[in-house]
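Trainee: Straight out of TrEMBL:
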DOMAIN    5-374  domain 'MnmG N-terminal'
BINDING   9, 10, 11, 12, 13, 14  FAD binding site
Ligand SMILES: Cc1cc2nc3c(=O)[nH]c(=O)nc-3n(C[C@H](O)[C@H](O)[C@H](O)COP(=O)(O)OP(=O)(O)OC[C@H]3O[C@@H](n4cnc5c(N)ncnc54)[C@H](O)[C@@H]3O)c2cc1C
């Protein structure tokens, strides 16, 4: 067994992982299948190609969780952030980049590094030994996807995400919504009150169906729907099949009694289910959708109790290969069944260029430390990087696990700061100040 680190996939995560490991003195081979084998979204053979938008989103490191992730990555010497800053385009508070110059810049820097080599190969199986990071992304090749499925079981590797919108708990109006599981099912009080319910009368339901039918939708990309199955239909498609379909599906009003109006039978009920162990996030059950983001916020705020909802993320359905990380990966991103293999990037169930790169940064550092024979202290869950990795490897509900963007709902609350909309600026500043101090401490301790 050699001390070389093999990285499969030279996208956002693989490129950052390679940079971090090589910077720590480790020899790295990047196995990238492009340009020999392409995907429906990538257009070049460059490393770190941005497949769609050219934005790294908000660069505000005081009031925004993704801006904080930028800050943490810069502090850790991230190549992805350095190249994004070098090729930055004017975009207000967002960090937008010249995509070609960016990925060419990343490619050149990696290929000039004396410890990094690239092999244009598609890896189609999980190796028996060595040091490996798999960062093959949402469009992991079919052969490798099948090999991972054979290792993890069919339930544990998804080829599509079906993301229901996720709402910050403290933005839900509890004078209208109530806690109750259908038919009060469950052994414990916690299980019997696991859901939040939002009731609708007939007029509200009819208006909601009209809004669903007329809202603007996004189309699937060409080639994206191969293998798409009926089990995760968008709610608007269910509504198109008949105005009553949702009332017999995710919005059925049975087995629930509204304590705010016990004698009035709701015409339909929307249910939300807890999405993280902290109880700060709730997903709207069965509401995966292809509505455009702007339309989603308007339509979902028609639901009684969600008029002032703040969304940690909006819904979507995409071609997306990702692991059920809460069951398969340990806190160091290692596959529990084969600990010499780490996963990184979007395939771990984070979503977005920045989040994927951050998981590459962490995997690269962890792998480098392991090859050198030491281990790193756990990343504090109070940092953006730590909140994300804690969520995907344990904090998230494994049964309903879907990809996640970084957001403040993943952070442990800061004691003594006001909740709700009014306290938001101070609260977010509290999160980011704490995160910066803890991340700086971790970098110092990790060496
Ligand atoms: C159509 C589409 C649009 C998207 N739009 C956006 C967007 O606008 N903004 C955003 O933030 N995110 C977007 N994403 C998500 C985006 O893909 C990720 O944010 C980011 O690229 C993930 O980084 P990654 O390194 O995990 O995967 P990637 O950047 O996709 O890198 C994975 C790499 O692995 C290679 N690979 C795959 N299988 C193998 C194999 N078997 N052997 C060798 N190499 C292999 C691929 O060629 C690729 O280079 C989009 C995704 C898709 C599919």
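Including glycine, each Cβ sits where the backbone N, Cα and C put it.
All annotation found in TrEMBL is predicted automatically rather than curated by experts.
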Trainee: Judged by the number of other CB atoms within 10 angstroms, which among 12, 13 is the least packed of the binding-site residues?
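Mentor: It is 12 that, of the binding-site residues 12, 13, has the fewest other Cβ atoms within 10 Å.
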Trainee: Could you give the mean pLDDT over the domain 'MnmG N-terminal' (5-374), rounded to a whole number?
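Mentor: Across the domain 'MnmG N-terminal' (5-374), the average pLDDT comes out at 94.
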Trainee: Who sits close to residue 11 (FAD binding site): which same-chain residues at least 6 apart have their Cβ under 8 Å from its Cβ?
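Mentor: Correct list: 47, 48, 49, 135, 136, 137, 345, 356.
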Trainee: What are the other residues, in sequence order, whose C-beta lies within 8 angstroms of the center of the C-beta atoms of 9, 10, 11, 12, 13, 14 at the FAD site?
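Mentor: Other same-chain residues near the FAD site: 7, 15, 16, 17, 32, 47, 48, 135, 136, 137, 344, 345, 356, 360.
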Trainee: Under 8 Å between C-beta atoms and at least six apart in sequence, can you list the same-chain neighbours of residue 10 (FAD binding site), or say none if there are none?
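Mentor: Those within reach of residue 10 (FAD binding site), by Cβ under 8 Å and sequence separation of 6 or more, are 18, 30, 31, 32, 34, 47, 48, 110, 118.
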Trainee: Compile a sequence-ordered list of residues in the same chain as residue 14 (FAD binding site), six or more apart from it, whose Cβ lies below 8 A from its Cβ; state 'none' when nothing qualifies.
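Mentor: Set apart from residue 14 (FAD binding site) by at least 6 residues yet with Cβ under 8 Å, we have 7, 8, 30, 32, 47, 133, 135, 136, 344, 345, 360.
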Trainee: Measuring CB to CB from residue 9 (FAD binding site), give everything in the same chain under 8 Å that is also at least six residues away in sequence.
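Mentor: In sequence order, the residues whose Cβ lies under 8 Å from that of residue 9 (FAD binding site) (at least 6 apart) are 30, 31, 32, 134, 135, 136, 137, 140, 345.
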Trainee: DSSP on residue 10 (FAD binding site), three-state: which is it?
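Mentor: DSSP call for residue 10 (FAD binding site): coil, neither helix nor strand.
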